[in-house]
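Here is what TrEMBL says about this protein:
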{"type": "DOMAIN", "residues": "7-482", "note": "domain 'UvrD-like helicase ATP-binding'"}
{"type": "BINDING", "residues": "Ala28, Ala29, Ala30, Gly31, Ser32, Gly33, Lys34, Thr35", "note": "ATP binding site"}
{"type": "REGION", "residues": "544-588", "note": "region 'Disordered'"}
{"type": "DOMAIN", "residues": "550-835", "note": "domain 'UvrD-like helicase C-terminal'"}
{"type": "COMPBIAS", "residues": "553-563", "note": "compositional bias 'Polar residues'"}
{"type": "COMPBIAS", "residues": "579-588", "note": "compositional bias 'Acidic residues'"}
Amino acid sequence: MKWTDDQQHAIDSPRPGSLPSQTLLVAAAAGSGKTAVLVERIIQRLQDKERPLSIQELLVVTFTKAAAAEMSARIGAKLAEVFNSTGDAKLEEQLSLLPSAHISTLHSFCQWVISSYFYRLDIDPTYRIGNEGELMLLKTDVLAKLLGKAYEENLYHMFEIADMFGNDRSDESIMVQILSLQRFAVAQADPEDWLIQSKKQYEEALNQPVLDTIWGQYFWKQQQQLIGEITERYESLRSLTSLPDGPTKWVEQADSVQYIMGALIEAKTWDAMHEAVALISQHKFKSFDTRSFKKELEAGVVSDGLVSQVKALGTANKEALQAMKSGPFVITEAQFNEQIGQMLPYVQGLIDLTLAFMVDFAAAKKELSMLDFSDLEHLCLALLRTKQEDGTWAPSEVALELQETFKEVMVDEYQDTSGVQEAIVNLVSRKDNRFYVGDVKQSIYRFRMANPLLFMEKYHRFGRDVEAVERRIDLSQNFRSDENILAFTNFVFRQIMTEAAAELTYGDEEALNPGRIVTEAPANWVGGPVELHLIDVGQGNKSTFAEDRGTADTATNGQTSMWSAGPAEGRHSNSEGLSSDEEDDADLENDEKETAFIIEKLQALKAQGKVVQNPDGTYRSMAWRDVVILLRSVKTKAGRMVEALRQAGIPAYAEENSGYFSALEVKLLLALLQVIDNPEQDLPMAAVLSSPFVGLDANELGHLRMSGEGSLWSLLPAYGAAMDNDVVIRFVERLEAWRTYSRQHSVSDLLWTIYEEMNYVDYVSAMPNGLVRRANVMALYERAKQYEAGSFRGIFRFLRFLESLQEAGQDLGIGKTVSEADDVVRIMSIHKSKGLEFPVVFLASSQKKFNLRDIQAPMLLHGDSGVAVKGYFEEYRVLYASLPWLHMREQLRLAAKAEEERILYVALTRARDKLFITGFVKDFKGLCQKQAGPALVSNSEKLPTSLITGADSYLDWFIMSLSRHLEGNPIRVYSEVEDVGLMDLPDKTCRLSITLHDGARYNSTPKHVAKEPALLAAVERLEPIQAEPLADEIIGRFNFAYPYMGAVQRAAKISVSELKRRFAEPEEEATHMVEANVRYKQVSKSSEEITDLGLFEVKPQALMDQEEVTSGARWGTLMHEAMQWLPMKAYTQQSLREALDRLTLDGYFTVDERRVLNERALYRFFTSALGKRLLASSQVAREWPFSMLIEGHEVYPEVEPREKLFLQGIVDTAFLEDNQWVLVDYKTDRVTSAEELVERYGVQLRIYSHALERLTKKPVKERYIYSFRLHEAVAVPNK
């Protein structure tokens, strides 16, 4: 492989003869081949002639177990390749050491350190890692006891905290706060210290000047930035109004706020800024009304473009100033100190409770010899460092020993490292032997405590010089995507990714450079411009630029302040309205329209025969698996989208991370477990009784409920007897038996008993989407086994275990039933797509609002700023936005927006050939005015920070950035800022298409239906209606009968064995249809006694146990295999036995299979007349596969002439005799006569003969069925 210069530097540095060692940060952009570089660097380190390393002297840390396994496999393959070409014995040794190499996740490495040095820790060496549900149960129990103690002894300001966070029914909300605080704390390198410092911060802030606190300093800096933006816009506005054709009348409006700006600029203290902001409330803003220039515009005296630009600048300034009215400077310094004093007991209580909980939880885990994943990190840290007298940490003896062991420490996906993981890596390495590789632009795991700022600190600090001890190397060449997709990505991110808005400035060093193979593309290549398609679902102005003339997008809310918390909130109110997912539900119809458009586009791509480019530059037809539809979240939309695509004939699959516990087959089992645990529960009992387990309908349930007082369970036996309902009586008996069984057996055994007695796995497998349902049912069984591997037992605790999983967000996800090779359109979240690539990418729901609900919680957490809570008016029992809380909300808001930018970057860089971006809009004009207007009047390549961070969706970012593209005129038209010179931005000439589609085109109900109220009314009254003139034609089309239905109803491909069944066993073509609502059946078989067969009258053959269908078939298969692999020679009984033993030793048969083989039957064949003829032949063919086309009507008389069938089969044995074929087929059937074999297999043998003659051009003179049961060669006649 040819490496780029930067890749080669990353592989080789430090160069021989230069530095002895070097720490490298490889900033590897999307598609730049970072994994290949990392593998090659390892190989080179092992082969280095001057300083060769052993694979065991390397520590390679990856993000996931799958990534670690892939890394090991790649290294192994590369080592084997180099060894095969060089024969280097050292590489062979490294290959043998690879399984014991330290290539793993950090958690696995921590486990290794703990296992190696456990004697230095106070832990049980037989510890185990608890699962999520088990740990959540334990946490809940421990915390409940702690809160009880706190109430009893009035500890930790317990009653004040209960008043603020609790409610009259439970302490659940208090427990949520403490568990959140504990989870966040253990992600820090020093959890206890972080908590203590967070509390100390409030204690020190009491009576401290606000500008000396982190909160005051943050807001002051932000205020100065806002003032700077307003000033810059004012200067631009003033310049434009002074032009000869400028809107001079607006000078007065612009200057009217100068006294406010002067006060803001002159303010040097918090209270002075407070007074300046107060002036805004007193000011009466004048609007920039373009109607005042109507005559001047008509006369051409004033420029329309200058009017629109000045209006955009003035409006932006007005909104920015008005936003300050509800910002942090609305309170005085004295009010701030009052807030801190009021908040202090709540912060102290929460933190002290959390510290106490951490101690109690650790003790509970120790008693059970259990650890969690955070324990692995912190115990490893405890082994690796020692606290000095001055309070600082130093490497321990263990750390120094590991530093000697590992000559180089490599960290993959470094951008996703947390603070505690960073500490571990630093302790086992030196400052000059670390190799970090990653892409901070793809850091999208903030919810897993990833800290991209660790990467950013090194990114800015490391030198670019080859001799730098800490060196940064950029890999910016993308070998994945088409050049146009890269240019589009660069164009967008050069404008919106800035250090102030996204923690990183996207410039030339960060831009993606094309690197994939370029070949001449055919005319039907799927690539081309990036396409933005918006479905207009509003009632605004009609589009004038799209072929689909329609209306336009979203009048998002007016400029709202990030500070506006509104009036004081009740303690448990939700003032934020719908979450992002709930908004999707409200826009269900619009989602369906977008999906309909995507379906239309996909069908067009297929119909046009589009091709995609392979990595080697060649082209092939586009398959469905080449397409992915990316969503920010699959929770609410993916399932509906899959169903819509499938109904349109497009195979689709979505791997959902939720929905397991709401799956019908799982809910039914959980309800059954609930009634086995306690049958007095009416809700789950009703669910079970109305399910296929019993099958009572609504009327029967009503009769049961009305039959007496008490629970349904108490009434059930009498009801069953009174109604003479055997199904109910049988269920009562079963339930009693299961309850007895559950007291003596595990939950997993109970579930398996239910599965077997009810044929439940078979039942769900026969339902629609059966493979997924079967996987879900088996997953519940596995969860039960996992639950019992811990310290918990019993159904009740198991149900609580599952509830705790749901509360912790640990939904199991729907069972996966699709492989990478399956030809389906994938629908997945952007997070799931990371690391993958697809020729065609649809980024859907671009208008979906960012979900910022988490930052409205009453308690917020930040790694640097600690803990913040809302203020609480105890007298009125209401919460309000305190200054520390506002500060942290803003920090988290900006961090969330920065991560959304990185998630968008991941989405755009998944595409290889073609990128579609879709969404729906309600007021396109309003959207363009809000987002594109300020962008167009900005005189900087980077868009204003407040505009970027004020975006609510990906679409907002697209609108503001693409308005400055050469092809962005559709956006500029609606922004009303048209006549503005476009900046000379890099990549602004990339090919782009923007189309607004009329949403009415994608209505699920045809337009004309709504326009015929009289017709609808007649239908509702069941009155006859007059037929339309075209009615006969329409009815005729509906009644059209396809003339070749015989061919349609038969498979186009058929096997020889199927032909055999067609002619010999026609009565077996009937199939048993299984209804989804089948009840228990009691089936009488002739005069035999009644047998309970569970949910099926007849079990489908496809679902039978292996023993049921293969006991005889397996012997037949083994005899065929013996005839395939035995050498063709004469045998004695002893030599035949030895030959079979040899095949067993060589792995052709297992020992058990060897016992099944019938030596005597095989010997009798080889010594028979037919066997001797076979051994005498000069040419023998065994297991000879063939395929051919045959006339369909020869097999199925109803198939029309000229229709063909594709036939496949395998000839057991054929040998040449006198240049003619003798065909032999082996059978092991239980038959009593040769005639039965001919009747059963004659058609098959004649087809074989026909195939042989057509394929070899040699005649078949004889056909034989050799029966190993009859020990006879049966001749098959021609007819």
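Each Cβ is built from the backbone N, Cα and C atoms, and glycine gets one as well.
Where TrEMBL records a feature, it is marked here on the structure.
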residue	record	Cβ contacts under 8 Å, 6 or more apart
Ala28	ATP binding site	Lys34, Val37, Val437, Gly438, Asp439, Leu475
Ala29	ATP binding site	Asp439, Lys441, Asp474, Leu475, Ser476, Gln477, Asn478, Glu510, Leu512
Ala30	ATP binding site	Asp439, Lys441, Gln442, Asn478, Arg480, Leu512, Tyr905, Val906, Thr909
Gly31	ATP binding site	Asn478, Phe479, Arg480, Ser481, Leu512, Gly515, Glu837, Thr909
Ser32	ATP binding site	Gln7, Leu475, Ser476, Gln477, Asn478, Phe479, Gly515
Gly33	ATP binding site	Gln7, Leu475, Phe479
Thr35	ATP binding site	Glu70, Met71, Arg74, Asp412
Lys34 (ATP binding site): tally of other CB atoms within 10 A of its CB: 21
Listed in sequence order, residues not in Ala28, Ala29, Ala30, Gly31, Ser32, Gly33, Lys34, Thr35 with Cβ within 8 Å of the centre of the ATP site Cβ atoms: Val37, Asp439, Leu475, Asn478, Phe479
Secondary-structure category, per DSSP, in which Ala30 (ATP binding site) falls: coil
Overall pLDDT of the domain 'UvrD-like helicase C-terminal' (550-835), taken as the mean: 80
